[in-house]
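Peer 1: This is the structure, below, for whatever I ask next.
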Amino acid sequence: MWWFQQGLSFLPVALVVWSAASFVFSYITAIVLHHVDPLVPYISDAGTIPPERCLFGIMLNVSTFLGMATMYIRYKQVSALSPEKPRILRLNKLGLTLGWMSCFGLCIIANFQKCILYYIHVLGACLTFGLGSIYMLVQTILSYLMQPELHSKEIFWARLAVFLWGCSSILSMFVSSVVLYSGLYGQNLVQKLHWDPQERGYTPHIISTVSEWSLAFSFLSFFLTYIRDFQKISLRAVVSLQGQTLHESPGSFRTEEQALLIAGSI
């Protein structure tokens, strides 16, 4: 059995590979069609103009569902491992809520492009990266609280390192973006897709775009740390029939079932 066939480890792998592909394929398409500059554009810039906008949107929508499924499995795993620890259970529920809100932000990014509804797009980015960073923090704290009985110290340190990587990328992106859009380098830079290296503001622009790509891949790297955990968990569906046929109501079936039980007891 291959490592990605063990348990549910294929789920975080699929999330990381598919999400990375959504960024890379959109970027390649935009470069081939000369819609953006080859040197590190914003991720959203590579998903602004058709046809890459269509590819970007549909692939990120799939990433949203993969992310929600991965976070839910992680939530169920932690709940099963620590059923009698209220502190861990509260943090676990908080993590799931923050994670799903972050996924909703990713859905907003996918469907509200930067050039059409900029402020809604920014709102989606804040939900995705802001709440997503807090989600990583919560999961890192959970890994700390669950060691060494349920988590190894290596996993905790790996998640802490990725979290700090993401935080440094957010800080770098925020500072460079504030400098870039402060008005010192011109107006309407938000819609600008092509930059000349000789232009004023090119340096903070590159720092901002590199920071955004770094932030995105720090998020993907965090989900890679779930692989070993997910190798040790599986899910199964239990079918519970509420009627003997598809046109019966559940109530009538329970009545018949109770009557059979009484008759059997007599």
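Heads up, the Cβ atoms here are built off N, Cα and C, so glycines get one too.
Sharing the record's features from TrEMBL:
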DOMAIN    8-233  domain 'CWH43-like N-terminal'
TRANSMEM  12-35  transmembrane segment
TRANSMEM  55-73  transmembrane segment
TRANSMEM  94-112  transmembrane segment
TRANSMEM  118-145  transmembrane segment
TRANSMEM  157-185  transmembrane segment
TRANSMEM  205-227  transmembrane segment
Peer 1: Would the transmembrane segment (118-145) and the transmembrane segment (12-35) count as touching if the test is at least 3 Cβ pairs under 8 Å, pairs 6 or more apart?
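Peer 2: They are not in contact.
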Peer 1: Can you check how the pLDDT averages out over the domain 'CWH43-like N-terminal' (8-233)?
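Peer 2: Result for the domain 'CWH43-like N-terminal' (8-233): average pLDDT 91.
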